[in-house]
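Below: the structure, in structure tokens.
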Amino acid sequence: MAGGNAIRGTRVGAGPMGESERGESAPRRRVSYWCANGHESRPSFAVDAEEPESWDCPRCGLPGGRDQQAPPNAPRNEPYKTHLAYVKERRSDADGEAILAEALAKLRAQREG
Ligand SMILES: [Zn+2]
């Protein structure tokens with residue numbers, strides 16, 4: 001049995017966003033934002049650019065703020081779907097697939113017939 005070492009190849013130190021150092025060396029600074037779930041995101045901005053007041057958390061989508069102790073609340077239009085929304089979406093997905101399958105079948109029948 002070849003026991004796979006799945007974690008091998010994980011690069012340490014590479015940014016999660018796949019940031020890479022490019023030739024251009026405009027000075028940048030990192031600004032920390034915290035979302036209501038306590039995630040910290042640290043986008044970088046050009047030194048002469050003003051950092052935005054809030055930054056959407058890349059992990060959960062909630063807006064993050066500069067104050068770790070007082071992160072902004074989730075916005076009124078919740079990014080998270082309710083269970084019902086999920087069910088509806090899944091249903092319409094299935095419907096769409098059925099319609100597509102039907103259309104394909106018809107096309108195929110026409111071509112062969
Ligand atoms: Zn978050």
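The backbone N, Cα and C atoms fix where each Cβ goes, glycine too.
Annotated features, as they stand in TrEMBL:
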{"type": "REGION", "residues": "1-28", "note": "region 'Disordered'"}
{"type": "BINDING", "residues": "CYS35, HIS39, CYS57, CYS60", "note": "Zn(2+) binding site"}
{"type": "REGION", "residues": "59-79", "note": "region 'Disordered'"}
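Annotated features, which come from TrEMBL, shown on the structure.
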residue : record              : Cβ within 10 Å
CYS35   : Zn(2+) binding site : 23
HIS39   : Zn(2+) binding site : 15
CYS57   : Zn(2+) binding site : 21
CYS60   : Zn(2+) binding site : 15
Zn(2+) site shell beyond CYS35, HIS39, CYS57, CYS60, criterion: Cβ within 8 Å of Cβ centroid: TRP34, ALA36, ASN37, GLY38, SER41, ASP56, PRO58, ARG59, GLY61, LEU62, GLY64
DSSP-derived structure type at CYS60 (Zn(2+) binding site), helix or strand or else coil: coil
Mapped DSSP class for CYS35 (Zn(2+) binding site), helix or strand or coil: coil
